[in-house]
């Protein structure tokens, strides 16, 4: 089985050479939740920046708060999204006009009520980079957890819908990513910025999951909702391995 490697080196000020594939392409999607404190760092690592509808309000209102000694207008101009996409039911008119005047592409998808704004943004990124090998594409999603629970579940569903893409949901407290059953996984822990608490959640059932590098490793273990799931586990080393017959959600705490 082919090995898929994972790293959270994008949380470091500089991505080490051994974690940077020569053609890695980061895209950042900002959702309509409180901006994580390290959003400017994610923005600087990304080559493409999208706001999902009301996420533009968050960038406009909250990004200047992360730079309290700078002129807010300068901060807003510096952190201009490339694209605002969604059903446009949350973005304020003055925010829409501000970014449109700066040249941001505005994509109104109000006719599509069958997909979430995150789904719309991920589909755009996929189609925007047709010549890029998908393993070299990493989509960082800021503000994907918290708020309304149905929104959170919808964002988790996007991981499953686009299981061939690397998508990482990010808050101040946690990182969440999908580990597709099609691969054996090596997770390289950046202990200065993440851990030690972690979890593995099956969607919906795993008859056999095996791990190494956790305080409570799994050995051909069955996991399912209504039974055992591996929450409140702890990473013990710098590399975790996971192999499963099912898609798993991996989550790890952020320091």
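Glycine is treated like the rest: Cβ placed from N, Cα and C.
Mean model confidence for the domain 'Thiamin pyrophosphokinase thiamin-binding' (183-248) is a pLDDT of 96. What TrEMBL records for 183-248 is domain 'Thiamin pyrophosphokinase thiamin-binding'.
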Secondary structure tally of the domain 'Thiamin pyrophosphokinase thiamin-binding' (183-248) (DSSP, helix then strand then coil): 0 helix, 40 strand, 26 coil
